Amino acid sequence: MGLQLALLLAGIVALSDSARGPPRIADKVIHRQSVRLGRTIKLLCPVEGDPPPLTMWMKDGRTIHSGWTRFRILQQGLKIKEVESEDAGTYICKATNGFGSTNVNYTLIVIDDTSSGKNSQTPEGSNGEYEDHSGKQWAQPRFTQPAKMRRRVIARPVGSSIRLKCVASGNPRPDITWLKDNKPLMPHEIGENKKKKWTLNLKNLKPEDSGKYTCRVFNKVGEINATYKVEVIQRTRSKPILTGTHPVNTTVDYGGTTSFQCKVRSDVKPVIQWLKRVEYGTESKYNSTIDVGGQKFVVLPTGEVWSRPDGSYLNKLMITRAKEEDAGMYICLGANTMGYSFRSAFLTVLPDPKPPSAPVPPSSVSSLPWPVIIGIPAGAVFIFGTILLWLCQTKKKPCSPPAAAPVHRPQPRDRICVSQVPDKDCISSINYEEYVAQQQHLLSQGPALAPAMASKMYPKIYTDIHTHTHSHVEGKVHQHQHIQYQC
């Protein structure tokens, strides 16, 4: 039972860990879609992820935004109303989060019932060719460079130029006419060179040149057409503007993951850069810094800038495995040729719930090994005992007698002559002045009491007292008392 519970917990942990990662496709996708002209179609983007991904749609490499009036980006996918022939092409849903991105691809085919009705009277082969009663081969028109026609929505600034191509072939050789907003263009607007009639050149664009340009290619067998949408925009006259409330102050757990967002509105695609303020005293950690508003900042790596349907641009800064040094002020900087704007936010990183173990203080000995606990006091006692023993042995050595020979002077019979006087260093228990006074008192007691009193008064100094009595030639008797001192 315990083993099964452990395996169950391990599986739950593994599932929770695996949930965080790049976006993934959550449902089956039918990549080839078809729709009839004038109808409505919805292309789904069934992706999921943790954290939830951001999605954007592209058609033939061009980002779909709010200017595409018949296109609407929903939470579930892309909705196209009143489908036109030029809506055919390749669509991509790109989903991205902080761990990566994934794409969902579609190929949209637009079915034109009216064209098929016109051609229904003509016996066609599978490739648009047929043979008449005389045996001649005929072929309806077809575009020979479809790869150069994928980009159907084109934006250009005022004063620039653009070329719209509709190169086609057929048998008999087809003709081509150009229309703007369903009105034929004049010959001088197209050009008289037949070799260039398949390409429409628009030079020195003006705002009034915006519109839908259609090429109609036809022969006796059939007809094809293609439409381009041209947007002529005024050159930018203002610096970028940061919209919304982002970036906002954020708090993250130690080791966790968080992000800052930055939404910038600009007439042209701006440069979005993230900066982090360099805290005082940490300048040496960075190779280069920049000054913004009188403060030093370091430039951070920046990911892809996304174009949003509302015409704004979005960028995200991901912070993974947050540490204490990640805390501080962050700046989102949006710039174009006219200037820049920025906005700041602060990141707070909560303390590590499991900080590294601190060094054990000297007062705490519970975590020290037992050999150390026993060895240190034992070593100290051994050293102290050795020093104490050495001092005791040193103090037991006898003091050297004075170098000069004792001088014998005649003394009265009742006086005591002290032949040896201890050194000051040998008298450790009394001071020298007390010793002299006691010595005089000792001698005044007479020879009979002196030895006994001396041994009582100085038990550690007087170790041997003896008396010598001898007579000289002159008949005088001298008595000497010898006292042996020992420290």
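Backbone N, Cα and C atoms are what each Cβ position is placed from, and that goes for glycine too.
The topological domain 'Extracellular' annotation in Swiss-Prot covers 19-371, and the record cites sequence analysis as its basis.
Mean pLDDT, taken over the domain 'Ig-like C2-type 1' (23-109), works out to 88 on the 0 to 100 scale. According to Swiss-Prot, the feature domain 'Ig-like C2-type 1' maps to 23-109.
Among the features that Swiss-Prot reports, N-linked glycosylation site is placed at ASN105 (among others), with the record citing sequence analysis. A strand conformation is recorded for ASN105 (N-linked glycosylation site) in the three-state DSSP classification. A simple way to gauge crowding: the CB of ASN105 (N-linked glycosylation site) has 12 other CB atoms within 10 angstroms, across all the protein chains here.
Annotated compositional bias 'Polar residues' per Swiss-Prot: 115-125, in sequence order.
What Swiss-Prot lists as region 'Disordered' is 115-147.
Sequence annotations record features per position, and here Swiss-Prot assigns N-linked glycosylation site to ASN225 (among others). On its own chain, ASN225 (N-linked glycosylation site) has SER85, THR214, CYS215, ARG216, VAL217 as residues at least 6 apart in sequence with a Cβ closer than 8 Å to its own Cβ.
The feature domain 'Ig-like C2-type 3' is assigned by Swiss-Prot to 240-348.
Its own atom aside, the Cβ of ASN249 (N-linked glycosylation site) has 12 Cβ atoms within 10 angstroms in the protein chains shown. Summarising the annotation, Swiss-Prot assigns N-linked glycosylation site to ASN249 (among others) and lists sequence analysis as the type of evidence.
Marked as N-linked glycosylation site by Swiss-Prot: ASN287 (among others). Taking a C-beta cut-off of under 8 Å and a sequence gap of six or more, ASN287 (N-linked glycosylation site) has no contacts in its own chain. Classification of ASN287 (N-linked glycosylation site) by DSSP places it in coil, neither helical nor stranded.
Swiss-Prot lists 372-392 with the feature transmembrane segment.
Annotation comment: Swiss-Prot describes 393-487 as topological domain 'Cytoplasmic', evidence class sequence analysis.
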Quiz item: Helix, strand or coil at ASN249 (N-linked glycosylation site), per DSSP?
Solution: coil
Quiz item: In Å, rounded, how far does the Cα of ASN105 (N-linked glycosylation site) sit from the Cα of ASN249 (N-linked glycosylation site)?
Solution: 37
Quiz item: According to DSSP, how is the domain 'Ig-like C2-type 3' (240-348) divided among helix, strand and coil residues?
Solution: 6 helix, 57 strand, 46 coil
Quiz prompt | ASN225 (N-linked glycosylation site): secondary structure state under DSSP, collapsed to three categories | solution = strand
